[in-house]
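If you look up TrEMBL, you'll see 6-27, 48-66, 72-94, 106-126, 132-153, 165-187, 193-214 marked as transmembrane segment.
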Amino acid sequence: MGFFGPHYQLAFIFGVLGSIVSFMVFLSPVKTFYTIYKKRTAEGYHSIPYMVALSSSMMLLYYGMLKTNANLIVGISCFGCAIEIIYLILYIVYAPKRDKVFTVKWIILFNLGGYCLIMVATNLFRERSKRVTVMGWVCAVNSVAVSASPLGIMKRVIRTKSVEYMPFLLSFFLTLCSTMWFFYGLFLQDLYVAFPNVLGFLLGTAQMVIYVIYKNGNKGVEITEKMQKGDMEGSVGDINPCFPDHEQEIKEITIVIAEKPVESDEMKA
């Protein structure tokens, strides 16, 4: 027990740290949804990462309830389920009609239907240890999906050279979170927790690198738009008589025309 004692203590420490960071990860999209609320539209944003995160929290909650001494996993998973449901409700409220239908459909099929199917399948096993093993693999797959869900956003950032839809804080906290839960699983010898977080760390790091590369992309686009706008105004000024130079010319022409009748009257006199 003396050999294993320090490992459990370290697992508890990293579990607490992982829970704190996970709490911050769940709250990191608040800025994004505040922007959606101000714009009154969720156009350009995707609901898939939040549906996958909700599914992962639901699976980890069930896994933690099946496994003994997993109070940290149960606690943070409960919070994760609650906050992801709030995000999805806000998304559905402000999303375009097509995206609303897509999101509601996949919540019913993927989150509710899939979760119920997995619960039924795992309860076919009488031994608790087998149910824990099955749910462990399911949670591992879900964790990999959560880590890989921002790949679409990364592709969009590279294509558009704009990081508008990839918040840096989310990428940073996901990387930190993966690190903490990796060591938690490692010290508990729980490969279902440790293994997926290796991929989470790698993809999170890749997101931050992409953000640093393209973080000034928005400024470049704005400058280009201003230059194009200035060129358009300049070309319009060449033919538009409403500009100051042309106004002066028009005034001179008007004065000349107004003076001509006066000259003709003097000659008649």
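Each Cβ is built from the backbone N, Cα and C atoms, and glycine gets one as well.
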Leading stretch by Cβ pairs under 8 Å, where the reference is the transmembrane segment (72-94) and the options are 6-27, 48-66, 132-153, 165-187: 48-66
Proximity of the transmembrane segment (6-27) to the transmembrane segment (132-153), 3+ C-beta pairs under 8 angstroms: no
Beyond the flanks of the transmembrane segment (132-153) by 6 or more, those residues with Cβ under 8 Å of it: 46, 48-49, 52-53, 55-56, 59-60, 62-63, 66-67, 118, 121-122, 125, 165-166, 170-171, 174, 178, 190-193, 195-197, 199-200, 203-204, 207
Residues of the parent chain within Cβ reach of the transmembrane segment (106-126), under 8 Å, 6 or more residues beyond its termini: 47-48, 51, 54-55, 58-59, 62, 66, 88, 134-135, 138
